[in-house]
Structures are given as C-alpha cells and as structure tokens.
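Going by TrEMBL, these are the annotated features:
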| type | residues | note |
| --- | --- | --- |
| BINDING | B:96, B:123, B:124, B:125, B:126, B:163, B:192, B:195, B:217, B:247, B:273 | pyridoxal 5'-phosphate binding site |
| MOD_RES | B:218 | N6-(pyridoxal phosphate)lysine |
C-alpha cells in the first residue's frame, strides 16, 4: 500500500500545502477535525499583533490596525466557503454562545412556537443551549431521530437545529431537503457547520438556510478555542433581535447611550469586546484554506478517506464502520465502533497516530485534507493493524480511562 | 515640577516594574484603564503556547499543557486580588457575556422579582445586557441615580448591578454599604469590577457580594479583548443556574450526554471551548500584577493622580474635575469636563500623550501604576498646558470627529 500511497502523493495537486503547516515529526495527525494544525504563518502574524499592534500601537490599534473591523473582515473571508455573502457572516464568541443568540432570535421571530427541534446525540453543546433557554422558560427541547425529524416538524416547532456533519459518525444531513421541510412547517433552520465548514463546500444560500454557526479551530486551523462564526441570511437582517445585546453590537457603541439600538445586519451578533489574538490567528487559517480552495480540499478529503478504507480492506481489518460508506454522504472523517475503542486509541497515540475516542465506543479518524498525505493513511492503517494483532492495546496504561480524554 | 517628579520616581518602590512592560518610545500612556500595556514576558509565553503547545502538542495539550484547567487556574490567581477564594473565580468569555449569565442566574434565584436595578450612565454594556433579558420578557430594567439607588431597592428588585468604579468619572461606590442595602431589600448584588480590578484592593467577600465580573484587558494587561473573569460567592454555588449552559460547563463534558448537568461551583459559568491564546496572555498579566502587589499599586495610583493634580495647579490650569477630589473615593483615573475635550484629546495624542475622550465632553486620564512614572505626570501636564495655551487643538485635523474613537 505504501507504494500506491507514494504514487497518489506524487500526483496530489495539494501536496505542496503540507509545508505551509507545522506537522510535528513522527506524528500522523488524524484529529484535525478536533483541533487543526498550526499554519506556519501564524506565529509571525501573532508576533506582529502582539509586539507591533498591541505593544507599540496600544489603544490606537483599534482603528489604526483595523481591530474594530476584524470580526466582519474574517467573517467575510469565511462567507464564500459556506455559500454566504460577505455581509452575512461575522466572527464572535464561541459556537455555544452564538447558538444561544440565534436560537433566542428564532424564538422571538416565531412567537407562539416554543419547540426547538434537534436529534438525540447531536453535539452536546447544541442540545445544552436549547436546555438553557428551556430553563429560562422560553423554549421546549424537542428531539427526534434522523428518520423521524420531518414528521416531528409540527406547528409548535420554532426552529430546527441540526449539525450538518455529525461529530461522531460524520454523516451529513441533506441541508436543502431539511431546510425546505422546516420552512414548509413554518419553522426556521439553524445549521451548525462545526464539523463540515472548511472541509467541504456548503451552500447556505442555495439551501435557503436562515442561520448558521461554525467552529474556527477545526478545519479552519484557528488555534485552540479560536472564536466562532455566525451567519444570518440577509432577508432576516432587519428582524433578528438577540438577547446578548452587548455594546459592540450597538449601532453606535462609542456614543455610550443608555439605550440599546442594534447595529445593522450581522453586526448585532457582536456582544463584548472581541478577542483580537484569537481573531488574528483565525484569519491566518481562513486565508490558507481559502487559498487552497474548498472544492480541491473536498476532493482530496474524499480520496484520502476512500484510500484509508482500501488500506483497511487490504490489511484484512474488519472494522465496524459507523460512517456512511458513500463519501458524498459524510464529512471528512471515518468512525468505527469497537468495544475497546478507548484503549486502541491510546495505543495508537503512543505510536504517534493521533485520532480520537468518543464515548462510549467510537474510534474517530479525521482527514484534514490540507496537510495529510496518502502515505499517512497507509502508515496509520499499518499501525492500527499492529496494535490489533499484537494486542498491545491490552496493556494497562492504555486501558486506564483518564477523567478527560 | 519635573525635578519634584524625579525625586518621587527615585523613591518609588515600584519603579523597577516599568521595565517589565513594553512602553513605546515617546509615549506617555494614560490609557491603561482602557487597554493595558504589553508585559515583556507575554510574547515569549505566546510563542511557547503557539509553537510548542499548539504546534507540537496539538490536541494532546488540552491535558498535557493544562489547557483544560486554564480558566480555573487564572481565575484562582485573580481571586486574592479581589477578595475572593480561589474556587470562586473563573475566566470565561467577555464581561458582557458573563453579565448575561449572572443577571439571568439572579433572576432565577429571585422568582417573582423582575427588576434589575442599575444607574443611568453606567457602562453601556451593563445596561444593554439587562435590556437583552428585558427583550426576552424576563427582566425589567430599573435605573436610579446614585443618590436614589437605596430608595429604589424595593420588593420588585431581584438584582442590583453596579460598576464599582465609574468608567467616566472613576467615582467608587461604597461596595459594603450598597451590598448590605440590597440584601436588606431581598435583592442580590452583581459588581462589575472592570474599572477597578487590578488597580485597587477589593474585598468581595468582606462586603458580602453575591456576584462579580471584571475585565482582563485593562489593569490586568491581558491584551486586546482578553477574556473576562466572573465570581460567585461560595454560598451560592449550589443554587446558580445560568442559561448559557454550554458543554464546557457540564459536570462531565466528555461523557457527551444529551442532558445538561451543571458542573460544580463556578465551573458552570463556562460555556464554549475557552480561547487559549487569550487566556495564556491574560495569565502573564495577572501574574505580574499579583507579583507587584495590589496594595502597593493602589498607593502609587493615588500618589500619581494627586501629583498630576498638583502639576495642574502649579501650571495654573483650571480644569473642571469630574472625578472625586478625595483619592479614596475614586479609581485609578482623573476625568475632566471640557467643551473641546475631543479636540484636546486628539492634540495630546499627536504629541504622544495618550488619554481618551468619552462622549460628550470628558477628557479621561488613567494612571496604571505598574508602569507610569511621576515624570510622566509632569510631562503630560506640560503638554496639556501647551496644547491649551497655543490653541493647537483648534487645528482642523484635531477637531474632526472620527466615527469611532
């Protein structure tokens, strides 16, 4: 397999981009869907921001270095990668906080309806933010399994909130069909793009989506806890009111008025003072993904994961795939169920093959196409085969579950 | 004056600490109350976090580099500086977002009461977050002027929300007396320490405070848009429920359960994934302030501002002081009213004396005691006198108001 991998790498039009990232020596990193690698340009940019803009420019840099426009500037760069117009996307806060803003906004736009519908097993924070509004008495949490979602779209549903690519399995929702069904039922739709944005083409506006949020630290390589992005379709720009109405989302923040007046459009999603270090690092990652191009990234992502499966087959490893076998129906990951998933994951990490484990029994491999090679696939499968054949995962140090994984 | 200043600087026990900060050449920085200066240790720490922990450690650094505990670790370091126990303070999100969490929590703890009482002219975001909950139908905004606040504490008031040091005038509230009065009326109290934390000793627990929030980028020198801190008195740890119930505030985030269960104590104030770059930079600033010592900082802050007033008197500049003349009753700033405040501020900035302007007619000078010298006071007043005497503030470029200041 390693020979086939080398041929594929030699013909890979994205091969050159691996060198734009710092990939640690001796590591095969199959967890870029959890925390993306460091772009090599990021440290220099941060030195410039910290020493130049903060250290020398101080408070003047809010204008002189354009800090005040950074949330909009980075949002506008993300926009074409998710099928949005530049003025429909802004970077602010975390995915969780943006979920709260947009769920709240949807509930205010659908008075008389209280249900926010999602699926059980959605990424926890999505469900927990519905629960937060439930604790306030403003929402009712509705959960229906994938196959029953459309039937569950009744007159009580204000909002359908789904994660485009499932964090465990990578299974994709049909964004256009579900958005259409929700609209038919009079509900709005909020797409969480955390596990798909930056890895595959998304067309929010073609699908008629109302709202979206997404993560900066996975495929956009913005760094640990990078700020998140949020989208509001232009047709809703006048109607959205969200309760996290901080001063940076005011129409004239520096008038210091006692009365809140929302800024136009997506700017009203801003709340407190934006974190400039996080935003500056995210911009570097977004620029790089935009330069490589989302269509090419998607093509390589599919090729990588299909090659990984071929390597598994050739090694005669009969792993229990829980991701869709059709690459068009999954995000940039493959997940497998195994009763010893945790110990196997630990044994692989000890060998420098970093994937991750998701409770209770999922072994998850992410294929960040910007910096992975086909050779990494062949090598990862070789390690996996050795771990399974030697039974080294049975060693005590791999079986002991840490409190946090 | 400059001779007296030199004598004072020679006897200043904190003089050595100026060298621990990057203060730009030719700048007298009287705006550390808006954005603190860069500690010289910050760039190296960020390089370590970015290249070492993120670049090399990747996802493993959540445990190996202690990222997962950073919100608690930095919170515990801030705690003694504000009169709190280490487990009562956490760093998360922005001041605005934390205000929303704690106002919401207070409303849930006082069912049947809806009024959140503050003063007109409080920092806008404090008032706007009340308005956000008002838009949700959960709160009623109550505003009463300083002298009428205690009378306004009636049976409808769930929460008294005040900023300890006023952002424009620097005037301090009597934290103990107002907390006591609010409790007498059955209300809870939330103190915004943004303009006092890190500059003067605060004793939240001695005052019986319930909740507090504060800013990381002013006197704590955490960098532009640094994350904020939040305090919950231990006696409330079991009762607080807040609606921004994201996965990081879950008792077991990595169990990925569908059902939210709040983490113990202040940990439940966490929402999304914490921004590590911002947290790491903040930690450096907090460490430095803790090392210098809050009592010494306060003593120097008072000496600096009093010396500034002496310089003004000696230069025969009759400025209209709007800050309390008693240094015990104000934060680390002096503010003056002048009809041409904006133009004067611009003319001073052009000379390298950076203070700031607050709408409509306030000229505000902040005295960050960690890195300012008495000589800076004498020089700043000399420049102010020249700007006023020559009338150079009347030049067109200084009078033209920018959209954002």
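Here the Cβ of each residue, glycine as well, is placed from N, Cα and C on the backbone.
The two recorded residues residue B:96 (pyridoxal 5'-phosphate binding site) and the residue listed as 'N6-(pyridoxal phosphate)lysine' have their Cα atoms spaced 15 Å from each other. DSSP assigns residue B:192 (pyridoxal 5'-phosphate binding site) to a strand segment in the three-state reduction. Largest Cα-to-Cα span within the pyridoxal 5'-phosphate-binding set B:96, B:123, B:124, B:125, B:126, B:163, B:192, B:195, B:217, B:247, B:273: 30 Å. The Cβ of B:126 has fewer other Cβ atoms within 10 Å than any other of the binding-site residues B:126, B:192. Residue B:218 (N6-(pyridoxal phosphate)lysine) and residue B:273 (pyridoxal 5'-phosphate binding site) have their C-alpha atoms 23 Å apart, to the nearest angstrom.
In the three-state DSSP scheme, residue B:217 (pyridoxal 5'-phosphate binding site) is classed as coil. For residue B:273 (pyridoxal 5'-phosphate binding site), the same-chain residues lying six or more positions away in sequence with a CB closer than 8 A to its CB are B:248. For chain A, the nearby recorded positions by a Cβ gap under 8 A number none, drawn from B:126, B:192, B:218. Cβ neighbours within 10 Å of residue B:124 (pyridoxal 5'-phosphate binding site), excluding its own Cβ and spanning all shown chains: 22. Following the DSSP three-state reduction, the secondary structure of residue B:273 (pyridoxal 5'-phosphate binding site) is coil.
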